[in-house]
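Features as listed in Swiss-Prot:
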- THR2: phosphothreonine (MOD_RES)
- 41-61: transmembrane segment (TRANSMEM)
- 125-141: transmembrane segment (TRANSMEM)
- 153-166: transmembrane segment (TRANSMEM)
- HIS198: chlorophyll a PD2 binding site (BINDING)
- 208-228: transmembrane segment (TRANSMEM)
- HIS215, HIS269: Fe cation binding site (BINDING)
- 279-295: transmembrane segment (TRANSMEM)
Amino acid sequence: MTIALGKFTKDENDLFDIMDDWLRRDRFVFVGWSGLLLFPCAYFAVGGWFTGTTFVTSWYTHGLASSYLEGCNFLTAAVSTPANSLAHSLLLLWGPEAQGDFTRWCQLGGLWTFVALHGAFGLIGFMLRQFELARSVQLRPYNAIAFSGPIAVFVSVFLIYPLGQSGWFFAPSFGVAAIFRFILFFQGFHNWTLNPFHMMGVAGVLGAALLCAIHGATVENTLFEDGDGANTFRAFNPTQAEETYSMVTANRFWSQIFGVAFSNKRWLHFFMLFVPVTGLWMSALGVVGLALNLRAYDFVSQEIRAAEDPEFETFYTKNILLNEGIRAWMAAQDQPHENLIFPEEVLPRGNAL
């Protein structure tokens, strides 16, 4: 930071400039303007999650035990969504539901909205942090653009989907087993695995894993012979100007393997950015569609034929029956307030039974 001698003018002593200088100065942990959003929101979201999983029951919202205090472990504890009867209430601590009573607020599921909203703004703050730092050191903003993928998925699953349904109740609770249950719910009620947006998301994420593995292995395979260091990380000076691996050798190797190969580093790395981020965006779009109850692929002709012909069955018709079973079980289990009772004759049976 440059210090100029002399009197400050009004412009130089402006409060914004003082704040800007303090927030953006070089320190071990960069704060920045984005930090005003990121750090408080991340602190409250993580703190709320630890508080909920440690102490707070889901008995009043789901009829479940969900905390360490009740005997759950890391995989089964969760911060559960509010009850279906509370619809889309923000469940503010000082609102009409809890009326300032912290214990009642926790019992009603107030920690879920607290964690979800602070978590969403915390993620947005982290993306803005990447924008801010990139601008400060004159980098392109592709890191921030890439991080918009996870943000889109989080916002679509935890906020937009339940907003399209009857309440926060149908969002995922914040816990490992709770997320698994939500995945089963998505399959049973939306046939999510047959949704083309889910297919694009899977292709993006798994394709990105494949690209990452291939890229890392190829770079390791084509490293130039280096110094005496015991491993790759010590052998090179991190500030050296020369390349550490041979793009030409890598190109020739993959040209022989596949017949085609990336010949340009920018295109190769853009492709590695494009595949996973596009997959995440497509998944988020698909979840927005589910919020509106848009359907996945339906092969009705196969369903009709399977219903008429006891000897005809496909993997698709078997999965449809499985979805019906999930719905019949989950609806009664998850929504006891609806008093849903399914007689035996309406429960799904495969032709093989």
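One is the number of the first residue shown, and numbering goes on along the chain from there.
Keep in mind that glycine also has a Cβ here, set from the backbone N, Cα and C atoms.
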Tertiary contacts of the transmembrane segment (208-228), as residues 6+ beyond its ends and Cβ separation under 8 Å:
235-236, 243-247, 249-250, 253-254, 268, 271-272, 275-276, 279
With Cβ-Cβ distances below 8 Å as the criterion, list the same-chain residues six or more beyond the ends of the transmembrane segment (125-141) that contact it, or say none.
24, 30, 32-35, 37-39, 41-42, 147-148, 151
Intrachain neighbours beyond the transmembrane segment (279-295), with Cβ under 8 angstroms and 6 or more residues off its ends:
148-150, 152-153, 155-157, 160-165, 186, 190-192, 195-198, 200-205, 207-208
Over all shown protein chains, what is the count of other CB atoms within 10 A of the CB belonging to HIS269 (Fe cation binding site)?
14
Report the member of HIS198, HIS215 (the binding-site residues) whose C-beta atom has the most other C-beta atoms within 10 angstroms.
HIS198
In the same chain, who gets a Cβ under 8 Å from the transmembrane segment (41-61) while lying at least 6 residues past its ends?
67-70, 72, 77-83, 106-109, 111-112, 114-115, 118-119, 121-122, 125-126, 169, 173-175
Hey, how far is HIS215 (Fe cation binding site) from HIS198 (chlorophyll a PD2 binding site), Cα to Cα, in Å?
25
At the level of the C-alpha atoms, what whole-angstrom distance separates HIS269 (Fe cation binding site) and HIS198 (chlorophyll a PD2 binding site)?
24
